[in-house]
Amino acid sequence: MASSAMIPTYTSSSKGEDMQVDIEKNSKSHVRSQWVLNPPEPPSSWRVVTDSVGKSISRFRKNFSSLRDESWTKVLFSALQKIFPILVWGRSYTATKFRKDLLAGLTIASLCIPQSIGYATLANLAPQYGLYTSVVPPLIYAVMGTSQEIAIGPVAVVSLLLSSMVEKLSDPIFNPIAYTKLVLLATLFAGIFQTAFGLFRLGFLVDFLSHAAIVGFVGGAAIVIGLQQLKGLLGVSHFTTKTDIISVTKAVWQAIHNPWNPRNFILGCSFLVFILSTRFLGKKKKKLFWLASISPLLSVVLSTLMVFVTRADKNGVKIVKHVKGGLNPSSIHMLDFNNPYVGEVAKIGLIIAVVALTESVAVGRSFASMKGYQLNGNKEMLSIGFTNIIGSFTSCYVATGSFSRTAVNYAAGCETLVSNIVMGMTVLIALQFMTKLLYYTPTAILASVILSALPGLIDVNEAFRIWKVDKFDFLACLAAFFGVLFASVEIGLLVAVAVSFSKIIVISIRPGTETLGKLPGTDLFYDVNQYPMAVKIPGLLIIRVKSALLCFANATFVRERIMKWVSDEEEESVDDKGNSITQIQLVILDMSNLVNIDTSGIAALEELHKSLSTHKKQLAIANPRWQVIHKLKVSNFVNKINGRVFLTVEEAVSSKIQC
């Protein structure tokens, strides 16, 4: 019984193995071609949309059904946790984390106070507006943000961009109130746009500013900012409001040749050297990072004491004078939507929103990668947007993530966003009780604080790396850099985006093509230029188009390029007597890169087939994608090339060799 029971099992196994061998032997290339030619019909665009909507609805129903049996308090708390991440990570907050956050918050506050005053003057606002922007925005972001390290507040590039655009609508010197109203309104619009980007998942708009363009733009802006700080270093009262390097250089030249007080220059340069020295020392010895962080505040304190004791303001040293103290006042009444420039301000808000988000998200992602967690881009946009909306109601101008303060926050060992809360509360205490002490602060010191932050914005090494990796990207970098330097900040941004778009267009309308050869000892076909050992098959020309889309923009170029490859190959195969050694008989198009094709692309393939047929050559297709083969079948192109469609290039080559 036992032996008889084993016989069927053995026989069945033998038959299965024999059948498998037969299938493998009979699987010719024409059989596998049917796999390519007869796939299921791909989903239509309408079906893709409806499926996406259906999945979203089912996901919502699933979440709703899971919450339906819960109490309303638990549902409310769950919703609040989505909006305010602090309710999630705050539950596991410990005293050890607080000690680290307290130290980090106090450290960045010491850097933030002088920087905020300096950036406010850069934005042509009263000094207190910079301090206001370092109080409310960090507190709002602390409860809504997803980054653990970002330090929120005013930044140099946004301050320069804001002042350069708004001052065209209102003069900050002759009408400071109207100018301030426009800045606050631009901040509100920036917050609205940023919130909309997050709600509607439009984060891709931020990517229109490529990495190379940002490097060039920030570098150019840093040089312009540096030149403008010569106004404070030289202690001149009248200076150009233009941002291009020619106008600023001309203003500096005129200031030097007019009477000026060298005490401002000596004072500012002395403390600039001090700040840069402490920064150099902090980089050399990591344990002394705190010295570089507090050096700007220390410079402000020491210089203020020096001026107060020596009464240097009586001898020509320019001072800040009155800084309004107290809590952030409400600015809702200053948001004037009946202003004739409201349309222009909305455009400014959009530009500022994109630039501020680009900087903040870039900073957040870089530090998130260091700590090994993922930053939610859309939530970041929402949190920054709400921060600026509420900020515009509380006398704050545009706030975003600061790279310099975030780096200090990270180095100080911050654990959570509580460090932002500590920083905001520290600045608030300074506003409440210490603004009168800033009366004698020299403007040259504020200029030196801003100048000390600029070297970190000019990334020469990154520009050199871009040059080595991608020359077109380097062109975008240069365009942004020189656009900011010689035109304006807005022109620099526009040129950077235009060059980035032109790169996309050029790549789309002029995609590369490559001839393929067989790697020895394999069934693989690769570019003969990249792999010189790859062998071309006599009588065959195998071409791959390096584009995801064959469409109206590039179809003609691709067809002409392929025909040129054919003629060039035949010219190379002619001997000294003019006789053809090998005639191209079959052209194989490797479509593995091609994701989709339109009617213009199909028409170009039909013209290519006709041209080849006229010269007694055949056309074959290998490895077409789902949408591509579907459209080629519907258009009857597959029948026109007699069904020469193959799963792989190797099978297309084998079919010709067998023939």
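Just so you know, glycine gets a Cβ as well, placed from its N, Cα and C.
In TrEMBL this protein carries:
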type	residues	note
TRANSMEM	102-120	transmembrane segment
TRANSMEM	140-162	transmembrane segment
TRANSMEM	182-202	transmembrane segment
TRANSMEM	208-227	transmembrane segment
TRANSMEM	288-309	transmembrane segment
TRANSMEM	345-363	transmembrane segment
TRANSMEM	384-404	transmembrane segment
TRANSMEM	410-430	transmembrane segment
TRANSMEM	437-458	transmembrane segment
TRANSMEM	478-501	transmembrane segment
DOMAIN	550-656	domain 'STAS'
Taking the domain 'STAS' (550-656) alone, what is its mean pLDDT?
88
Answer key: the stretch among 288-309, 345-363, 437-458 with most Cβ pairs under 8 A to the transmembrane segment (384-404) is 345-363
May I ask which of the stretches 102-120, 140-162, 345-363 has the most CB pairs under 8 A with the transmembrane segment (182-202)?
345-363
Could you check whether the transmembrane segment (437-458) packs against the transmembrane segment (288-309) - three or more CB pairs closer than 8 Å, residues at least 6 apart in sequence?
yes
Per-state residue totals over the domain 'STAS' (550-656) - DSSP helix, strand, coil
55 helix, 17 strand, 35 coil
Stretch winning on C-beta pairs under 8 A with the transmembrane segment (288-309) (pool: 102-120, 140-162, 478-501) is 102-120
Within the same chain, where does the transmembrane segment (345-363) have neighbours whose Cβ lies under 8 angstroms from its own Cβ atoms, ignoring anything closer than 6 residues to its ends? I mean 6 or more beyond.
150, 155, 157-158, 161-162, 165-166, 169, 182, 185-194, 197, 203, 205-206, 208-209, 214, 339, 375, 377, 380-381, 384-385, 388, 398-403, 406, 490, 493
Using a Cβ-Cβ cut-off of under 8 Å, list the residues of the same chain that are 6+ residues beyond the ends of the transmembrane segment (102-120) and lie near it.
126-131, 133-134, 151, 153-156, 159, 290, 293-294, 296-297, 299-300, 320, 323, 397, 402, 404-405, 408-409, 412-415, 418-423, 425-427, 430, 438, 441, 445-447, 449-450, 453
